[in-house]
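Here is the structure we will look at.
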There are 2 protein chains.
Amino acid sequence: MASSSSFTLSQALLTRGTSHHGFTQSSEHHRLALSTLSLPSFSGLKSTSSSTLRTPTSRRRLSTSQASLPIRAAAVETLETSTDAALVEKSVNTIRFLAVDAVEKANSGHPGLPMGCAPMGHILYDEVMRYNPKNPYWFNRDRFVLSAGHGCMLQYALLHLAGYDSVQEDDLKNFRQWGSKTPGHPENFETPGIEVTTGPLGQGMANAVGLALAEKHLAARYNKPDNEIVDHYTYVILGDGCQMEGIANEASSLAGHLGLGKLIAFYDDNHISIDGDTEIAFTENVDKRFEGLGWHVIWVKNGNTGYDDIRAAIKEAKAVTDKPTLIRVTTTIGFGSPNKANSYSVHGSALGAKEVDATRKNLGWPYEPFHVPEDVKKHWSRHVAEGATLEAEWNAKFAEYEKKYPEEAAEFKSISSGQLPAGWEKALPTYTPESPAEATRNLSQTCLNALAKTLPGLLGGSADLASSNMTLLKMFGDFQKDTPEERNVRFGVREHGMGAICNGIALHSPGLIPYCATFFVFTDYMRAAIRISALCEAGVIYVMTHDSIGLGEDGPTHQPIEHLASFRAMPNILMLRPADGNETAGAYKVAVANRKRPSILALSRQKLPHLAGTSIDGVEKGAYIISDNSSGNKPDVILIGTGSELEIAAKAAEELRKGGKAVRVVSFVSWELFDEQSDAYKESVLPAAVSARVSIEAGSTFGWEKIVGSKGKAIGIDRFGASAPAGKIYKEFGITAEAVITAAKEVC
Amino acid sequence: MASSSSFTLSQALLTRGTSHHGFTQSSEHHRLALSTLSLPSFSGLKSTSSSTLRTPTSRRRLSTSQASLPIRAAAVETLETSTDAALVEKSVNTIRFLAVDAVEKANSGHPGLPMGCAPMGHILYDEVMRYNPKNPYWFNRDRFVLSAGHGCMLQYALLHLAGYDSVQEDDLKNFRQWGSKTPGHPENFETPGIEVTTGPLGQGMANAVGLALAEKHLAARYNKPDNEIVDHYTYVILGDGCQMEGIANEASSLAGHLGLGKLIAFYDDNHISIDGDTEIAFTENVDKRFEGLGWHVIWVKNGNTGYDDIRAAIKEAKAVTDKPTLIRVTTTIGFGSPNKANSYSVHGSALGAKEVDATRKNLGWPYEPFHVPEDVKKHWSRHVAEGATLEAEWNAKFAEYEKKYPEEAAEFKSISSGQLPAGWEKALPTYTPESPAEATRNLSQTCLNALAKTLPGLLGGSADLASSNMTLLKMFGDFQKDTPEERNVRFGVREHGMGAICNGIALHSPGLIPYCATFFVFTDYMRAAIRISALCEAGVIYVMTHDSIGLGEDGPTHQPIEHLASFRAMPNILMLRPADGNETAGAYKVAVANRKRPSILALSRQKLPHLAGTSIDGVEKGAYIISDNSSGNKPDVILIGTGSELEIAAKAAEELRKGGKAVRVVSFVSWELFDEQSDAYKESVLPAAVSARVSIEAGSTFGWEKIVGSKGKAIGIDRFGASAPAGKIYKEFGITAEAVITAAKEVC
């Protein structure tokens with residue numbers, strides 16, 4: 001193993017104060033590194049307008065008025081690397097030109113960020129991060145997230161150099177083309193080595209918080225004093241755009257609260273966004289904001305060539321174990337392009353042949369497009385062997401762990417492999433019509449608590465509505481800074497951050513099953529994160545209560561109307577609206593089983609009876625018959641209900657049957673699951689010959705024509721709700737058995 | 001006029017340095033009040049953990065190490081009020097018990113906030129704000145927003161005391177009941193005196209930024225050195241929940257950037273949210289964050305009884321004219337309730353009869369429910385006369401203005417009344433098939449620029465995508481801190497804040513027409529704000545470009561699929577997808593005309609031809625025939641397209657006609673508008689007898705069954721998109737004329 005990897009290997013040892021080759025760690029350093037509580041949250045130069053060059057000397061001088069001198073003096077020591085400076089520079093330029101060339105060939109993409117962030121990218125992937133290129137899914141790898149996802153060529157170039165099979169030279173040449181492994185933004189489901197799906201700004205920052213939260217949780221649950229099997233960092237690069245997004249502030253606030261010390265964020269502070277200089281819209285003091293959020297903040301003034309400053313900042317960040325760190329790295333967007341650097345024109349378009357040439361000249365780059373110089377190739381080639389060693393060492397460590405702690409190891413393996421414990425679904429409760437009426441939000445809590453006992457990876461919580469959403473796991477305490485082994489996460493009133501954090505948790509380990517909760521109407525706050533759950537195949541469970549006008553007095557701002565329809569239209573997501581106890585259990589069975597597809601459970605605030613005929617099996621089919629007095633698959637009318645309105649459909653059927661009608665009642669709990677059934681099954685539930693159909697659902701009728709047909713009737717709500725007791729609103733809005741009976745008589 | 005209103009009237013005079021009865025303002029004070037640039041952003045006690053009582057003396061002592069002593073010493077002087085302290089206390093308790101009693105009677109609601117915020121509420125509505133209770137729409141009123149909308153009984157009690165006709169005693173008794181003027185959260189469309197619709201947390205804070213932005217804009221455009229007709233403050237109360245929401249950070253960051261000095265926010269810092277103490281999820285340093293955001297920050301340590309501190313803080317806030325101010329007011333939630341104060345149990349439920357009694361005893365309140373003591377009633381009664389005087393004085397001032405500045409006055413009246421200039425729609429361009437092909441995003445810019453010349457209230461911008469969304473008004477500069485008269489707003493990458501800020505702008509004055517822009521897929525980031533536009537009847541124009549897979553290489557994170565369907569399902573909003581130049585003009589005609597219904601324009605990134613048969617009139621009908629070779633309203637097949645796919649439908653029709661078919665092509669630009677047409681018109685476009693129908697739209701087919709019927713075919717995309725050149729994706733996804741032709745042959 002080349003000695004240049006010394007720093008890479010030193011990270012785990014550092015906090016334990018082990019002396020290590022590459023740099024000599026004195027006991028003084030050790031003591032200081034551990035006494036992190038006394039570190040100030042901001043240790044960089046305070047003024048962004050200062051033009052003083054940041055050198056160890058000037059930093060030391062500037063800091064004399066502050067309490068934290070010794071630590072900071074220690075922290076600015078350069079991490080040793082045996083790679084000579086010229087080779088580093090060459091590697092950095094390789095990254096830059098792979099990005100430039102790929103964007104140029106595609107004539108589409110974002111060269112500016114990779115050109116500016118190549119130095120930090122090089123240091124992370126070549127000197128700092130621990131990973132195994134031949135197994136991108138090795139559990140204990142460091143996680144990297146490019147929150148500024150438009151700069152994806154940075155990451156593709158790094159994966160390519162590091163030896164990941166997913167990004168070969170041909171993949172770089174097919175950047176942004178149909179079927180390539182190198183799409184226009186990083187997509188974990190396309191490219192092994194990409195951890196999460198980014199592009200929509202701010203999401204990656206929150207994903208990274210989720211990844212770091214997962215690490216902290218698993219470390220607390222499974223590490224033993226003699227064997228720390230969970231031990232990795234989460235790195236994220238975010239840009240000005242991410243910083244402006246509210247979701248990033250939400251997630252960062254929670255990260256500060258939880259003291260996620262192994263989360264290290266690089267803020268690519270290049271002062272340029274699409275509309276030009278950030279001066280036109282973004283003049284806040286980001287350092288101060290992050291200090292306020294409880295982060296350790298470091299400023300690297302010269303991110304273009306200040307390699308040692310970047311290294312020093314990472315070392316300092318690692319020494320701060322009780323706070324996440326923001327390293328603000330001031331860079332030049334499009335660094336190296338003589339005519340376009342530091343302007344918005346280099347952000348999102350190809351440089352153009354002329355400027356590519358000028359850039360080659362400017363940076364002294366004589367090579368053909370896509371060429372990786374031999375010495376750079378050779379230098380990076382060690383990562384394959386090193387990665388294999390890292391994983392092998394970890395595997396050996398885990399084998400020891402398994403011998404000594406077999407129970408914990410079994411649980412851990414379920415989480416790291418995604419193999420759910422056999423028979424987990426037997427934990428789900430069942431009900432009879434005699435069981436006492438309950439709101440489905442309460443029935444949901446029963447399911448969650450039953451599942452938490454059997455599913456080691458289930459954890460989650462609510463956006464400050466735990467007692468309304470009924471999401472507390474009663475046998476566990478709160479996941480807090482000092483109790484990260486617990487499984488109740490208190491997300492605060494941060495719905496958007498919550499969803500994206502859960503995406504990060506889900507994508508950390510296939511057996512982690514995050515759930516999160518708020519009122520159904522507030523899915524609007526987190527819709528962008530939910531959509532990414534669906535796209536990136538994160539099996540998050542969204543526990544969404546107060547799912548209709550049935551919530552009553554809070555009124556139209558709190559009453560969902562169009563939300564069921566809006567999610568039924570979204571690809572790769574399951575929208576489930578259970579009607580009672582058995583259906584809630586069924587919804588959880590489906591949600592847990594679908595590890596690559598998120599589920600949204602719409603649950604009632606109000607009490608609902610347990611209906612005859614409902615079942616877990618039925619839910620798995622999406623729609624099914626709960627009662628029928630017809631024969632030969634020829635009912636006079638089919639009444640279709642979902643959730644809290646299934647009861648109304650059942651009541652109306654009873655009345656109609658008294659009048660001699662042959663009435664079938666169908667529970668339509670999930671449109672997506674029903675769509676996946678065989679034609680024969682569909683015909684057995686909704687025979688084509690029976691056009692007399694009435695649906696009832698306390699939400700928009702949009703889309704119901706597909707189910708009830710042009711001769712049927714859809715009873716629903718196509719206006720905003722109202723503030724009044726729930727029963728009154730149901731009546732005034734005509735969501736009643738009488739309305740169903742009238743409609744049924746009209747259609748049959 | 002009672003002398004107790006002296007402070008109320010003094011606000012406008014203060015910044016002009018006029019000596020005024022009530023307090024003597026020395027010339028020294030005047031000079032200092034104007035030299036606000038030297039004020040520190042944080043002037044309160046720095047440590048939240050300090051238990052030192054905040055008195056003028058101790059503040060002065062603590063601040064000696066800081067540069068800003070003189071200002072701060074001046075600022076802590078108590079505002080004079082002639083109302084005796086006992087009466088203030090009685091008024092405050094009246095507010096508390098009106099809230100307690102209304103929630104108790106409804107057995108639903110949130111008593112905790114009104115009980116804690118009654119002191120600041122009293123001071124605002126009784127001592128500080130300028131309004132006319134008998135004309136809640138008087139232009140120059142101070143605006144008040146309760147961002148923590150669940151505490152709406154605070155505002156209802158204040159409106160009741162102040163003499164607003166909308167909230168009578170009976171309305172208080174009907175709190176949260178069907179048809180009442182006092183719904184469960186503040187709704188501007190239900191209750192005159194309520195400015196905006198709040199409840200979903202954080203929205204109100206952003207609305208307030210919009211209101212303050214509108215004031216600053218109009219003041220800069222219309223005030224004259226001798227006649228300042230625009231001159232009011234915007235006050236907002238927000239709670240811990242609002243503070244956690246990302247939208248509030250986005251809006252606050254922009255407010256700081258723009259230096260909205262007349263925005264004064266009260267942060268009800270009560271340390272309690274629904275899940276309990278904020279310690280479990282929210283431990284950031286809010287003061288520091290707001291300093292970072294460029295706000296002036298003041299801490300009022302005792303918001304329960306520290307009336308003079310609240311008054312002093314407001315005075316200080318007004319003296320800072322170049323920054324918005326956050327007054328953090330530490331209160332006790334449920335103040336006065338002996339057993340429930342300072343706990344989450346008082347947040348969102350009625351106290352219960354026993355605790356109501358205990359609270360009455362504790363606060364010495366001998367009155368019946370809903371009783372307003374005579375002296376309190378008498379004290380507040382002056383606001384009716386005072387309000388009338390304020391408005392009369394302003395009207396006189398405006399009459400002078402009109403005489404001297406008739407042109408500006410005419411423009412101003414259009415904005416303040418909402419009466420659009422006659423013939424404004426003539427500014428819209430029209431096109432012929434010979435006009436050069438253009439992306440509808442570019443055609444949109446042509447419309448915006450044409451309209452901006454004739455509509456004085458049109459202003460807006462993009463979330464850092466102005467050059468992609470094509471939203472710049474070329475004849476105007478940027479709305480910046482020092483150029484607020486300009487009409488291009490740079491929202492930054494803050495979609496959610498942008499939407500809610502536009503709601504505030506729209507609701508500031510009926511003739512303000514805000515537009516805002518981002519990629520269509522990122523409506524997901526701002527959906528909660530868009531929904532409130534629809535609910536609160538704010539006619540915001542959402543300019544949403546890159547509306548399909550047609551955006552190409554950016555890939556599935558950027559390609560909307562379900563978005564058209566999701567908005568078609570939303571009440572009171574117009575989803576418009578124009579196909580070319582005439583339709584884009586038509587979409588703008590509709591959007592501008594609909595002042596109480598927001599519009600979303602889905603616009604293409606790619607170039608589109610101008611089609612024969614399209615028209616502005618057609619758009620106004622929602623769907624219309626652009627070409628037809630059938631007779632007797634009996635086409636063989638109807639092809640239906642929207643936006644960029646209308647071209648494909650037209651091409652397919654040509655081919656089919658060559659094969660002898662009678663083909664009608666329908667542009668379906670807005671489902672909502674078509675729904676509003678007469679049955680006869682609908683039949684003339686989509687005759688019931690013609691079931692051979694094919695639709696094509698590069699989005700989810702969800703909902704299209706309603707249009708094409710069970711025998712028709714909907715061509716669309718029911719999966720996520722892909723990263724590749726647009727043409728390739730269209731082909732691979734089957735969004736082609738060939739697919740339409742094949743489908744047409746199948747159905748007819």
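Cβ atoms here come from the backbone N, Cα and C positions, even for glycine.
Note that TrEMBL annotation is computational and uncurated.
Given the structure is predicted, the values throughout are model-derived calculations rather than measurements.
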Which one of B:H122, B:H296, B:H347, B:H610 goes with B:H150, B:G199, B:P200, B:L201, B:G241, B:N270, B:F522 at the thiamine diphosphate site, as TrEMBL has it?
B:H347
So TrEMBL lists B:N270, B:I272 for Mg(2+); which of B:D240, B:D287 goes with them?
B:D240
Quick check on the annotation: TrEMBL has B:H347, B:R441, B:S468, B:H546, B:D554, B:H558, B:R605 binding substrate, so which of B:H110, B:H160 does it put in that site too?
B:H110
Chain A proximity: which binding-site residues among B:G199, B:L201, B:S468, B:H558, B:R605 have CB distances under 8 Å? Answer 'none' if there are none.
B:G199, B:L201, B:S468, B:H558
Mapped DSSP class for B:F522 (thiamine diphosphate binding site), helix or strand or coil:
helix
Sort out for me which one of B:D240, B:E495, B:D554 has the most neighbouring CB atoms within 10 A, since those are the recorded positions we care about.
B:E495
Helix, strand or coil for B:R441 (substrate binding site)? Use DSSP.
helix
Maximal Cα-Cα distance (Å) across residues annotated as binding thiamine diphosphate, namely B:H150, B:G199, B:P200, B:L201, B:G241, B:N270, B:H347, B:F522:
34
Provide the three-state secondary structure of B:I272 (Mg(2+) binding site) computed with DSSP.
strand
Given the binding-site residues B:H110, B:I272, B:S468, state which is nearest to B:P200 (thiamine diphosphate binding site) when distance is taken between Cα atoms.
B:H110
Tell me, how many other CB atoms lie within 10 A of the CB of B:I272 (Mg(2+) binding site), whichever protein chain they belong to?
25
Work out how many Å separate B:H347 (substrate binding site) and B:H150 (thiamine diphosphate binding site) at their Cα atoms, rounded off.
9
Within 10 Å of each Cβ, count the other Cβ atoms and name the one among the binding-site residues B:N270, B:S468 with the highest count.
B:N270
If I take the Cα of B:H558 (substrate binding site) as reference, which of the binding-site residues B:G199, B:L201, B:D240, B:G241, B:N270 has the closest Cα?
B:L201
Enumerate same-chain residues with a sequence separation of six or more from B:H110 (substrate binding site) and a Cβ-Cβ distance below 8 A; give 'none' if the list is empty.
B:V103, B:H150, B:G151, B:C152, B:M153, B:H347, B:G348
